[in-house]
Amino acid sequence: MTGAPAAPDTIMAVTAVTVRVPAKVNLQLAVGPLRADGYHDLVNVFHAVSLFDEVTAEPADELTVTVRGESVEGVPVGEDNLAARAARLLAERIGARPDVALTIHKTIPVAGGMAGGSADAAAALVACARLWDASGVRLADLAADLGSDVPFALLGGTAIGTGRGEVLTPVPVGGRFHWVFALADGGLSTPAVYAECDRLREAAGQRVGPPRRSQALLDALERGDAEALGAALANDLQPAALSLRPSLRRTLQAGREGGALGALVSGSGPTCAFLARSAGHAAELAAALSEAGLVRAAVSAHGPVPGATVVAGG
Ligand SMILES: C[C@@](CO)(OP(=O)(O)O)[C@H](O)COP(=O)(O)OP(=O)(O)OC[C@H]1O[C@@H](n2ccc(N)nc2=O)[C@H](O)[C@@H]1O
Ligand SMILES: Nc1ncnc2c1ncn2[C@@H]1O[C@H](COP(=O)(O)OP(=O)(O)O)[C@@H](O)[C@H]1O
């Protein structure tokens, strides 16, 4: 090496920042009655899994969004993209122009009940905060304004979300869990699934009380007990997702027949989640589900994993 070393006070301009951000599955989703503001109070046990999107932020003359990946139809590339909204919100907060080129590499299924859009918003917040040296801004406050699931994508791990899901309390977890996700063709709209949940409850004359946390589920998580966790998985939106997409019943049944410890729709669906006994069992189950021809793809993953993390630049 012959080059002179950089002077100690040289400040390297940040040219690109890449953030990796996980998908989530809801281990318990207890849904209270419809609130006056159109939301529902929840007990939402979020669990971050190793299925990741990556968002790269680079300085540019104006805000642009590029989306790459398989099956990204329906993802807006304009100002409605949640990552673009996140960049604009942060720029507004620090009094800067949102001049950034955002490139999103999507692996998380779109409109799949795994919070991919929320994940991209959280990643964009972290990437732009690094690019614009906005380390003093509390990103969690901005996240909650972008969507109920966005704060969890920043935090990762496993956490209970109350309120509309944005008030987070981390949950202790005593091990790693192995999952299979059955990805469906096409998505389901989150507001439509909540509305169907309300409709089904009303039609059944169901009196809906406040959502309650499952102690059995929290104990299973703390012990790292996959069998008990499988038995405790619960999603109040599942009947609504099945009502809107009846074919998911067969997918859930196929996973149970493959020995899953638990099977449920992930959040608002249509992705189905299966808890496996081990990494090996997850690989077998994913192969069996793919071969059964009921799903677009079946992928294995583990959880919990950290939230939005800078992996390059900055
Ligand atoms: C259902 C869940 C489970 O984690 O996620 P997905 O499975 O869709 O990823 C979430 O509650 C989705 O959160 P998110 O997608 O951030 O929703 P938001 O943008 O805040 O709200 C979109 C719409 O969903 C409905 N909504 C959302 C949250 C909530 N607690 N009650 C609701 O009724 C409302 O109709 C709202 O207008
Ligand atoms: N970056 C993004 N990735 C995916 N969807 C996005 C994004 N930005 C906005 N959207 C919109 O949000 C909707 C819900 O997306 P997503 O978060 O993937 O699903 P879900 O709410 O079921 O978890 C999409 O159908 C799309 O119209």
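Backbone N, Cα and C atoms are what each Cβ position is placed from, and that goes for glycine too.
What TrEMBL annotates here:
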type	residues	note
ACT_SITE	LYS24	active site
ACT_SITE	ASP149	active site
BINDING	PRO109, VAL110, ALA111, GLY112, GLY113, MET114, ALA115, GLY116, GLY117, SER118, ALA119	ATP binding site
DOMAIN	81-157	domain 'GHMP kinase N-terminal'
DOMAIN	217-292	domain 'GHMP kinase C-terminal'
Quiz item: Looking at the recorded positions LYS24, PRO109, ALA111, GLY117, ALA119, which have a C-beta within less than 6 Å of some atom in ligand 1?
Solution: none
Quiz item: For the ATP site given as PRO109, VAL110, ALA111, GLY112, GLY113, MET114, ALA115, GLY116, GLY117, SER118, ALA119, which other residues of the same chain have their Cβ within 8 Å of the site's Cβ centre?
Solution: ALA23, ILE108, GLY187
Quiz item: What same-chain residues, at least 6 away in sequence, bring their CB to under 8 Å of the CB of ASP149 (active site)?
Solution: LYS24, PHE46, ALA115, SER118, GLY161, GLY165
Practice problem: Enumerate in sequence order the recorded positions PRO109, ALA111, GLY117, ALA119, ASP149 whose Cβ-atom distance to ligand 2 is under 6 angstroms. | Solution: ALA111, GLY117
Self-check item: Conformational class of ALA119 (ATP binding site) under the three-state DSSP mapping
Solution: helix
Self-check item: DSSP-derived helix, strand and coil totals, residue by residue, for the domain 'GHMP kinase C-terminal' (217-292)
Solution: 45 helix, 11 strand, 20 coil
Quiz item: On a count of neighbouring CB atoms within 10 A, which of the binding-site residues ALA111, ALA115, ALA119 is highest?
Solution: ALA119
Quiz item: If one looks at the chain holding GLY117 (ATP binding site), which residues at least 6 apart in sequence have a CB under 8 angstroms from its CB?
Solution: VAL75, ASN81, LEU82, VAL110, GLY147
Quiz item: Relative to the Cβ of PRO109 (ATP binding site), which residues of the same chain, six or more apart in sequence, are found under 8 Å away?
Solution: ALA23, SER71, GLY116, PHE181, LEU183, ALA184, GLY187, THR271
Quiz item: Other than its own, how many Cβ atoms are within 10 Å of the Cβ belonging to LYS24 (active site)?
Solution: 31
Quiz item: What does DSSP assign LYS24 (active site), in three states?
Solution: strand
Exercise. Using a 10 Å cut-off, grab the number of neighbouring Cβ atoms around the Cβ of GLY113 (ATP binding site), all chains included.
Key: 29
Quiz prompt | Three-state secondary structure, which DSSP defines for PRO109 (ATP binding site) | solution = coil
Quiz item: What is the average pLDDT across the domain 'GHMP kinase C-terminal' (217-292)?
Solution: 98
